[in-house]
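What follows is a single structure, written as structure tokens, with notes after it.
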Amino acid sequence: MLGPAYNHTMETPASFILVGIPGLQSSHLWLAISLSTTYIIALLGNTLIVTAIWMNSTLREPMYCFLCVLAAVDMVMASSVVPKMVNIFCSGDSSISFNACFTQMFFVHLATAVETGLLLAMAFDRYVAICQPLHYKRILTPQVMLGMSVTISIRAIIAITPLSWMVSHLPFCGSNVVLHSYCEHLALARLACADPMPSSLYSLIGSSIMVGSDVAFIAASYVLILRAVFGLSSKNAQLKALSTCGSHVGVMALYYLPGMASIYVAWLGQDVVPLHTRVLLADLYLIIPATLNPIIYGMRTKQLLEGIWSYLKHFLFDHSNLGS
């Protein structure tokens with residue numbers, strides 16, 4: 001029984017105050033400049049990838065379709081938090097309405113849940129391409145890809161909706177100052193005038209199960225991939241396969257390592273890791289992968305790099321010819 005302490009309609013604050021990065025207020029201007037630069041790079045890089053894949057008919061393989069969706073999710077995740085964070089760091093406008101705060105929280109966590117599913121789908125794509133090359137087009141049909149995408153989205157919604165509901169329905173009858181630079185669910189739950197443990201446990205256990213199972217399947221697929229690669233007779237074929245897989249592994253490391261570190265440090269490292277370090281780690285986790293993913297894929301995937309250059313030359317030179 002929740003009891004009267006959960007009278008949500010009576011206890012809801014009009015807004016929350018985001019403090020930015022506690023203890024680093026003197027560095028907020030430099031953080032805003034760095035964050036704005038990184039965000040612009042992330043938007044440009046991911047927009048280039050989405051546009052190049054969309055415009056180039058040769059980039060219609062499942063790998064590039066999944067990469068296109070990943071780039072779009074990266075932009076959603078970064079755009080959910082960075083503009084408000086830069087506003088806090090630059091102008092000190094740290095107020096965010098109750099509904100906007102929980103909307104931000106929902107989209108941040110939804111994007112991270114979708115991204116881990118996409119990384120699993122991309123690992124499966126590489127497994128089929130390298131271990132079952134003759135059946136690649138028969139296995140990864142457009143219908144199968146659509147089904148995978150829908151499943152990934154539904155799984156993310158089912159996982160995140162209860163968390164958002166639990167935290168948003170906690171009673172907030174005390175301080176409305178969030179010791180974070182965005183509406184992170186643990187920082188919000190700790191402001192509640194009720195035990196935040198149920199939502200916190202749900203978040204920890206749910207993310208551990210989801211990410212743990214995805215990582216296990218990804219690791220299994222890459223074990224099979226490596227066995228198949230080193231069984232190839234051609235050294236060039238081995239290097240090409242390893243280069244393609246290397247970009248995937250790099251992106252996965254960028255996503256999973258800081259992501260899990262952020263979760264467990266926030267949960268278990270309260271008395272060990274300074275608050276500003278925990279907040280900074282959570283912030284970087286949302287923007288760094290979105291910034292580096294396009295660079296890793298663009299530099300290490302020859303066909304995609306050629307597609308990007310082809311689009312840029314078409315865009316720049318055709319527009320300049322029209323202008324003259």
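Quick reminder: no glycine exception, Cβ is built from N, Cα and C everywhere.
TrEMBL labels come from automatic prediction, so no person has curated them.
Residues or ranges marked as transmembrane segment in TrEMBL: 29-55 (among others).
What TrEMBL records for 45-297 is domain 'G-protein coupled receptors family 1 profile'.
Positions annotated as transmembrane segment by TrEMBL: 62-82 (among others).
Residues or ranges marked as transmembrane segment in TrEMBL: 102-124 (among others).
If you look up TrEMBL, you'll see 144-167 (among others) marked as transmembrane segment.
Same-chain neighbours of the transmembrane segment (204-230): 113, 116-117, 119-120, 123-124, 126-127, 130-131, 155, 159, 163, 238, 241-242, 245, 249, 252, 256, 259-260, 263, 267, counting only residues six or more beyond its ends whose CB sits under 8 Å from a CB of the stretch. Residues or ranges marked as transmembrane segment in TrEMBL: 204-230 (among others).
If one looks beyond the transmembrane segment (242-267) by at least 6 residues along the same chain, the residues whose Cβ comes under 8 Å of a Cβ in the stretch are 112, 115-116, 119, 122-123, 126, 130, 184, 186, 200, 203-204, 207, 211, 215, 218, 222, 225, 229, 273, 277-278, 281-282, 284-285, 288-289, 292-293, 296-297, 300-301. According to TrEMBL, the feature transmembrane segment maps to 242-267 (among others).
The transmembrane segment annotation in TrEMBL covers 279-299 (among others).
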Worksheet, complete the sentence: Sequence-distant contacts of the transmembrane segment (144-167), meaning Cβ under 8 Å and at least 6 residues beyond its ends, amount to 62, 65-66, 69, 102, 105-106, 109-110, 113-114, 117-118, 121, 124, 185, 188-189, 192, 196, 198-199, 202-203, 206, 210
Worksheet item: Same chain, outside the transmembrane segment (62-82) by at least 6, Cβ under 8 Å from its Cβ: which residues?
Response: 35-36, 39, 42-43, 45-47, 49-50, 53-54, 104, 107-108, 111-112, 114-115, 118-119, 121-122, 125-126, 129, 140, 145, 149, 181-182, 283, 286-287, 289-291, 293-294, 297, 304
Discussion item. Using a Cβ cut-off under 8 Å, which residues of the same chain at least 6 positions beyond either end of the transmembrane segment (102-124) come close to it?
Written reply: 63, 66-67, 69-70, 73-74, 76-77, 80-81, 84, 96, 148-149, 151-153, 155-157, 159-161, 163-164, 167-168, 182-185, 188, 210-211, 214, 217-218, 221-222, 248, 251-252, 255-256, 259, 286
Practice prompt. Grab the pLDDT values for the domain 'G-protein coupled receptors family 1 profile' (45-297) and give me their mean, rounded.
Written response: 84
